[in-house]
Amino acid sequence: KDGYLVGNDGCKYSCFTRPGTYCANECSRVKGKDGYCYAWMACYCYSMPNWVKTWNRATNRCGR
């Protein structure tokens, strides 16, 4: 599946101040095929296994 990686706090992985390879590395860590820093704000990953938690507007709990 594709989507934004989320941490234990339910927030998207921020990449604003990270090196250019940060998101690709984080995505491969969870067995994703590739990833990038979307609009310099959050890591978006491709071809991840279904067990990986991704951000969803309906179930968003970041900051709550």
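Using N, Cα and C of the backbone, Cβ positions are placed for all residues, glycine too.
DSSP places the residues of the domain 'LCN-type CS-alpha/beta' (1-63) in helix, strand and coil in these numbers: 11 helix, 17 strand, 35 coil. Under the heading domain 'LCN-type CS-alpha/beta', Swiss-Prot lists 1-63, citing sequence analysis as support.
With a 10 A radius on its CB, Cys62 (disulfide bond) counts 11 other CB atoms from all the protein chains. Among the features that Swiss-Prot reports, disulfide bond is placed at Cys11-Cys62 (among others).
If you look up Swiss-Prot, you'll see Cys15-Cys37 (among others) marked as disulfide bond, on the strength of sequence analysis.
Contacts of Cys43 (disulfide bond) defined by a Cβ separation under 8 A and a same-chain sequence distance of 6+ are given as Tyr4, Leu5, Lys12, Tyr13, Ser14, Cys15, Tyr22, Cys23, Glu26, Cys27, Gly35, Tyr36, Cys37, in order along the sequence. The annotation disulfide bond is assigned in Swiss-Prot to Cys23-Cys43 (among others) on the grounds of sequence analysis.
The disulfide bond annotation in Swiss-Prot covers Cys27-Cys45 (among others). If you draw a 10 Å sphere around the CB of Cys45 (disulfide bond), it holds 26 other CB atoms from the protein chains shown.
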Using a Cβ-Cβ cut-off under 8 angstroms and a sequence gap of six or more, which residues of the chain neighbour Cys11 (disulfide bond)?
Cys62, Gly63
Over the domain 'LCN-type CS-alpha/beta' (1-63), what is the model's mean pLDDT?
94
Among Cys23, Cys37, the one of these disulfide-bonded residues whose Cβ has the fewest neighbouring Cβ atoms within 10 Å:
Cys37
